[in-house]
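As given in TrEMBL:
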- Glu171: active site, proton donor/acceptor (ACT_SITE)
- Lys145, Ser146, Thr147, Tyr148, Ala149, Arg150, Thr169, Leu170, Glu171, Gln190, Tyr204, Lys210, Gln214: dCTP binding site (BINDING)
Amino acid sequence: MGSRHSWHFFAQFKPAMIPPLSQTRTRTATGGGVSIKSDKWIRRMAEQEGMIEPFEPGQVRKNGNGDRLISYGTSSYGYDVRCSSEFKIFTNVHSATVDPKTFDENSFVDVEGDSCIIPPNSFALARTVEYFRIPRSVLTICLGKSTYARCGIIVNVTPLEPEWEGHVTLEFSNTTNLPAKIYAHEGVAQMLFFESDEVCDVSYKDRGGKYQGQRGVTLPRA
């Protein structure tokens, strides 16, 4: 294609055809919209509706002694949660098959403290300090903090569904060949809140979800 023809080809894609980022919105198949919620909304829902307890309205990066922390609290479009001091470290001492339908509690060793050491190529369960109450029109997605991800420590949490409430159980996978350290009472993951224009017909609470109201580190339930 010659240069003159190339110009005419690209000239048809005018800047005005692309909407500003501030006007973009994810559309569903039925025409409804889904938007990510801002720090203002998060503060309002936490303070007025108890969506997050305990709640930190800003970002905390140091403790009372001035020592650096892995940050937690409200960010621009999310909330950074903390890990509690309650841990369950996986062990293969009993050589049991890991079966999600009949999970053996002896597969974990309970640990409580300011930190947790995960063995190489193993994992541990923990929970958030925060207790969540998710609104009916909201779905919450959790992503691990880059501070841990860059060390080969992966945080996994399934979505928090509409009207679910409880402590969030956290799964830390140590993908390295060395022991890995997790810090309690510091940031570990970020929650992102997405609200739909349409309220769901059946919420997690409506269908009697098995993890509704969970407290502490909760193991698999069939």
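From the backbone N, Cα and C atoms, a Cβ is placed for every residue, glycine too.
Ala149 (dCTP binding site) falls within a helix when secondary structure is assigned with DSSP. Taking every pair among Lys145, Ser146, Thr147, Tyr148, Ala149, Arg150, Thr169, Leu170, Glu171, Gln190, Tyr204, Lys210, Gln214, the residues listed as contacting dCTP, the largest Cα to Cα separation comes to 33 Å.
Thr147 (dCTP binding site) has a Cβ environment of 14 other Cβ atoms inside 10 Å. Neighbour count (other Cβ atoms within 10 Å of the Cβ, all protein chains): 16 for the residue listed as 'active site, proton donor/acceptor'. Classification of Tyr204 (dCTP binding site) by DSSP places it in coil, neither helical nor stranded. In this view, Ala149 (dCTP binding site) is surrounded by 14 other Cβ atoms within 10 Å of its Cβ, with every protein chain counted. The local packing around Tyr204 (dCTP binding site), expressed as other Cβ atoms within 10 Å of its Cβ over all shown chains, amounts to 21.
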